[in-house]
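Following: one structure in structure tokens, then a few remarks.
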Ligand code: GLN
């Protein structure tokens, strides 16, 4: 639509966790809804090459793209809002920047020069930002800079923004600065000082904010907006309030009401029209007006931190809206589950999801949970480690292979029903070496999976090292656990299901990464539907008993 690619840089002040990712995604949605081709990129100032080696307690879930990049969870928001896949290029960390600069140095590409933060690191950052723009696939690139302005680790990024604004020329690159406007309840007042200070900090690095997005608990009155505009060198129309919302899916409409898209487009010298967000609003309407509710147990070991299972929780929101039901999630810590308390913890649930994970902690609880839902015919969805636990449970309790295990937990076990693939055995490095990204999967004729996906073959995203051991497949299938999805090239088992059970599916991949507002994931939609049916049946059975 435009001849030059335009750039929007989103920075944050005072504190991180102000919701830059959601603001970026909401703005992108509004621009996309006016016909612009938009993508979002996240720059993370930490030294890990990617978040793949990080514990979920650090930055929440690790999100995975089709091309197998292990990325920040904000990319999940971008995909869920825009319904456009992201890729490795959409997430860059300081670690990756340094890694490529150092590799270039080793190859002699700097021709004997001293390699320095400015210009070499900043040039690499600029190249990474512009590589998306140069692809020709987008009209607008929104680059979100993680962390807080003023932090030592953010400095090279802010310097790169300063240079890029200069290189790109007026109206081609703008800066949105997110700040907090705290409310002091004792004084009954909203305070503008933190915003003034962080705009000043940004200016000390030579970057003037064009637009302020102010996170607030209360409406910003007119005089306060005027004051902020005056002190921060922005137009009054460029002071945008971001009031706390009950759901992140309200934020695009809140930004529309505040005119964020209009100010942005004006600054970029682009045409602005009325965004068409009808489909989005239909989703919101269904999400906010459920006709019934179900309760799903989420069995995992990182349940203390909601962000650890971000994409799963969001996929439930999409699937709930699709079914017009409210999905209540009950987090269940797998470490505290045992055969003694399992009935108490699970019997009231309408469905159970056993979550992905790594390592031994909490796995016996997961196996107990699978046994309970299998025997009591409660709908079950097992994802990745959750699927592996379902296979182990079936082997132990149905096939009576008592020592069945995964070699991840018991490297020398005699019955490794889950084990490492040959090509994983010699890998010693941890980062980026799992089976990652989108892989093909053929669905078995007549299976539940095929019926749910309404397709013969699918592509889903993976992030794991261990696999279903095909040596046990025949025994498993004869006893009733069917491999209903297979990788066509390797024969690896991607889906297992129990035809004798009303709804029991384990998937080796992560369906949650592909669920979006526009395309709720079919497995989650079907799982919630099964939970509704279970609830109805259960209620009728209890009534009949009375
Ligand atoms: N730890 C398991 C594996 O590596 C499962 C990983 C996951 O749940 N994402 O195979």
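Keep in mind that glycine also has a Cβ here, set from the backbone N, Cα and C atoms.
Positions annotated as active site, nucleophile by TrEMBL: 384. The C-beta environment of residue 384 (active site, nucleophile), restricted to residues of the same chain at least 6 apart in sequence and closer than 8 Å, consists of 356, 357, 462, 463, 464, 507, 508, 509, 510.
Residues or ranges marked as UTP binding site in TrEMBL: 16, 191, 192, 193, 194, 195, 196, 227. Of all Cβ atoms in the protein chains displayed, 20 besides its own lie within 10 Å of the Cβ of residue 192 (UTP binding site).
The CTP binding site annotation in TrEMBL covers 16, 151, 152, 153, 191, 192, 193, 194, 195, 196, 227. Listed in sequence order, 181, 182, 183, 184 are the same-chain residues at least 6 apart in sequence whose CB falls under 8 Å from the CB of residue 191 (UTP binding site).
Using a 10 Å radius centred on the Cβ of residue 18 (ATP binding site) and all shown protein chains, the other Cβ atoms total 19. Taken from TrEMBL, the feature ATP binding site applies to 17, 18, 19, 20, 21, 22, 74, 245.
According to TrEMBL, the L-glutamine binding site annotation covers 57, 357, 385, 386, 387, 388, 408, 465. Note: residue 385 (L-glutamine binding site) has non-local neighbours 354, 355, 356, 357, 358, 363, 366, 464, i.e. same-chain residues 6+ apart with C-beta under 8 A of its own C-beta.
What TrEMBL lists as Mg(2+) binding site is 74, 144. Contacts of residue 144 (Mg(2+) binding site) defined by a Cβ separation under 8 A and a same-chain sequence distance of 6+ are given as 10, 20, 21, 24, 40, 41, 42, 43, 74, in order along the sequence. In three-state terms derived from DSSP, residue 144 (Mg(2+) binding site) belongs to an extended strand segment.
As annotated by TrEMBL, domain 'CTP synthase N-terminal' applies to 6-270. Averaged across the domain 'CTP synthase N-terminal' (6-270), pLDDT for the predicted model comes to 95.
According to TrEMBL, the domain 'Glutamine amidotransferase' annotation covers 305-529.
Among the features that TrEMBL reports, region 'Amidoligase domain' is placed at 1-270.
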Listed binding-site residues are 19, 21, 22, 192; which sit with C-beta under 6 angstroms of ligand 1?
-> none
Residue 386 (L-glutamine binding site) sits from residue 194 (UTP binding site) (Cα to Cα, rounded, in Å) at a distance of 45
In whole Å, note down how far the CA of residue 408 (L-glutamine binding site) lies from the CA of residue 22 (ATP binding site).
-> 36
Taking the residues 57, 357, 385, 386, 387, 388, 408, 465 listed for L-glutamine, what is the greatest CA to CA distance in Å, to the nearest whole number?
-> 23
What three-state secondary structure does DSSP assign to residue 227 (UTP binding site)?
-> helix
Between 74, 408, which of the binding-site residues has the fewest other CB atoms within 10 angstroms in the structure shown?
-> 408
Where does residue 195 (UTP binding site) sit in DSSP terms: helix, strand, or coil?
-> helix
